[in-house]
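Peer 1: One structure follows; several queries about it will come next.
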Amino acid sequence: MNADVPFARDAGLPAERSSLAWQRTVLGVTLGAIVGGTTALHAGHWWLATVALVVAVCAVWPGVLRPGRGRTLAGGGLAGALVREGWPLLVRAALLVGALAVVGLALAVVGALA
Amino acid sequence: MDLPDDARPDDARPDDARPADAPARRPASVYGVGTEPDARFSLANERTALAWLRTALGLVAGGVGLASLANLTDPHVVVDVVAALACLTGGIVAFYALYRWRANERALRLGHPLPVPGALPTLVAGVVLLGLLLAAFALGRAV
C-alpha cells in the first residue's frame, strides 16, 4: 500500500491499538506505584512512598506520557502518525518502570534486613 | 545507508518526504539511516516495545506484591529474595524493551530481517526458576 494515498480508516486500526497499548501500560505503572506506595506507607518508609507517589503522578501526568495524542491515522493519513515519534515516550515509560523496580527492590531489601 | 530502489519495500519512502516543519526525530542512530517504513510497521514495533514494558511491569508488580506480602504478614527471607530478584529482572527487561525497539526500527528502516529476541529464552528460564523457588518454599512451609 502506498503511504501517500489518503484513506478514511485503516482496517487494522493500528493507531487505536497503539493508544490502547499505551493506556494499558500507563494504568499498570500507576496501579503498581499505588500498591508499592501503600505498602511503603504501611511499613513506615515515607521516602519510598514518596518515590512511588512521584511515579504514579508522572505516569498519569499528560506532559510526561501522552498516550495516543496526535496518532490518529484517520485524521492525517499515515504521514500524520509519523510526525510524533514514540521514542521519548518509551524512554520515560521505561524510566518509570525502572523507578518502580527500585521501590520494590528497596521494600524487599528493607524487609529482609528487618 | 540507502537501499537500492529495487530492494526498497513498495511502501517505503525517503525520510525527506516528511513535512518540512516536522521536528527532528530522535534517536538519530535510528532515524538517520534507511528509508521511512509504513507507519503501521512502526506502530507495531512500538506496541511490541510496550508489550516488553508490560512484561517488565508484571515482574516488578509481582516483586512489589511479594514484598508487600512479606511486609504485611509473617516475613521470610526467601520471599524477600524472590521479590528482589523479580524487581531486578523487571528493571532490566524495561530497558531491554528500549534496546529491542531501536534494533527493530533500524531493521525496518534498512529493510533487514528483524533481529531475534535473544533474551526471551533467558527470561522464560528465569521466570520458571522463580516460580519453582516459590513453589518449593511454599511446599516446605506446608509440610
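Positions of Cβ are set from backbone N, Cα and C atoms, glycine also.
Take a look at what TrEMBL says about it:
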type	residues	note
COMPBIAS	B:1-19	compositional bias 'Basic and acidic residues'
DOMAIN	B:40-107	domain 'DUF202'
REGION	B:1-33	region 'Disordered'
TRANSMEM	B:51-70	transmembrane segment
TRANSMEM	B:77-99	transmembrane segment
TRANSMEM	B:119-139	transmembrane segment
Peer 1: Using DSSP, what is the helix/strand/coil residue split across the domain 'DUF202' (B:40-107)?
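Peer 2: Going through the domain 'DUF202' (B:40-107) residue by residue, I get 64 helix, 0 strand, 4 coil.
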Peer 1: Need one number: mean pLDDT over the domain 'DUF202' (B:40-107).
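Peer 2: PLDDT averaged over the stretch: 92.
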